[in-house]
Amino acid sequence: MVEPAIGRNHIRAGRHHGRARIVFARTKNHAYLSHDAYCSRYPPIGRENADRLRIRTVVDRRTGRGAERWHRSPRQANGRFSNQRYSSTSPNSSPACPLIYFISIKAKRIACVVSAVIFVATSCVSPLTGFAFWETNLAYEGESIYNYLQVKNLSDRTILSTNVLFGVQSVTMKDKGLTGMYYDTALAAPALADNANSALILGMGTGTYARQLKQYYPKMNITGVEIDQKITDLAGEYFDEPADIPVTTYDGRAWLAASHDKYDVIMVDAYQDITIPFQMSSTEFFTMVREHLNPGGVMVVNMNMISDGQGSINEALSDTIASVFGNGNTLTADVPNTTNRELFAKKPGSGSEENSMQQASKALNLRETTYERTGSEDLEWYMEEVASRFRKVNEPDSASTILTDDKAPVEVLGMHAIDQIIADEAGPYRQILKDEGFGGLLRAVQ
């Protein structure tokens, strides 16, 4: 951009401020902010020992595009500034460019002032009222190094959410029954396994799955791993996490790498909201999980998004897991009225047909095994309903959809799934808006 010629009559404001003289000027097509500063290359630091640095920010008033130019004049031994200048230009780099642009064009000053007042007011009030200021039943609201955290105390349950507006990360039921969430479907894992004596939970949260396992399998030895220490603290304070369950604050994959223990059930629930960490989605990770299962053991993975079709995130995860556990050993089950899908993968055990995944997942066998191990008729009949939702996952025909440590684009695949979910949810409203206008849309959302 060509720098405009500035005359004395173009100067709008100028003053000395500390060690810098600040000037704002405006021409027909350009505006600029200029100030002299002083920079020292060596001690002692001070204006008398420093070079002069003239900084000029120029903005084209017609386009809003700007650039910043520096002129450095070295100080000579006699104290005067050299006429030799060292200059450099950085286009569109200065944070002052938008400010200069809006001041120079005098655009919508009232709107700018109102917006600034609202911004300042909400910035001051939000730390006092909390992010979810509309909630009236919050027991806790805060942040950890990993998450926004919200504990809500309802009449029948206490829930933990890691999102301001939606979603439930963990829940504890005050009547100690089933939760109505994906944890209930995941209770099929101990019934699918050859034995149900031990369990590892990667992504312990506040211990929802651990509490359910303890309720229905009281003799089971359970170990938890949770990366967020603050969530573990909240589990003890608000969610009655069983005190006899050891919980380690660590990354799930790193914990597996350091452990030699084996388990009958491993729950992978380390996916935050609707995001999936790539290091816990690859063949290398699932191979590590498989090695920590006893023969006949079952891994259950909570997938937060129901996304089908070629190239989807669920296809990639399912194919990756099936490639590790072998053909016929992987099942999925969608969770009703949610966007969750549970995936079960079994490590071959004794080799007998009756212990295979195909046999164990049949409704009658799943019911009988559940009742024999838990004595709960409610859970027994619920498992029959779960069995009706099982879908077999075959090994992939090619390696194109298999995720590895070298190639796991789960962020991109996840965003595609989110876009599809939003499109599906917004579809009916888009049609109402088209047919009935804004009035019809307002009536529809009331």
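Each Cβ is built from the backbone N, Cα and C atoms, and glycine gets one as well.
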- prompt: Do you know which of Glu226, Glu284, Glu291 Swiss-Prot groups with Asn147, Asp251, Gly252 in the S-methyl-5'-thioadenosine site?
  reply: Glu226
- line: Mapped onto three states, the DSSP assignment of Gly252 (S-methyl-5'-thioadenosine binding site) reads helix
- prompt: Relative to the Cβ position of Asp251 (S-methyl-5'-thioadenosine binding site), how many further Cβ atoms are located within 10 Å?
  reply: 16
Task: Measure between the Cα atoms of every pair in Asn147, Glu226, Asp251, Gly252, the residues the record assigns to S-methyl-5'-thioadenosine, and report the largest value in Å, rounded to a whole number.
output: 17
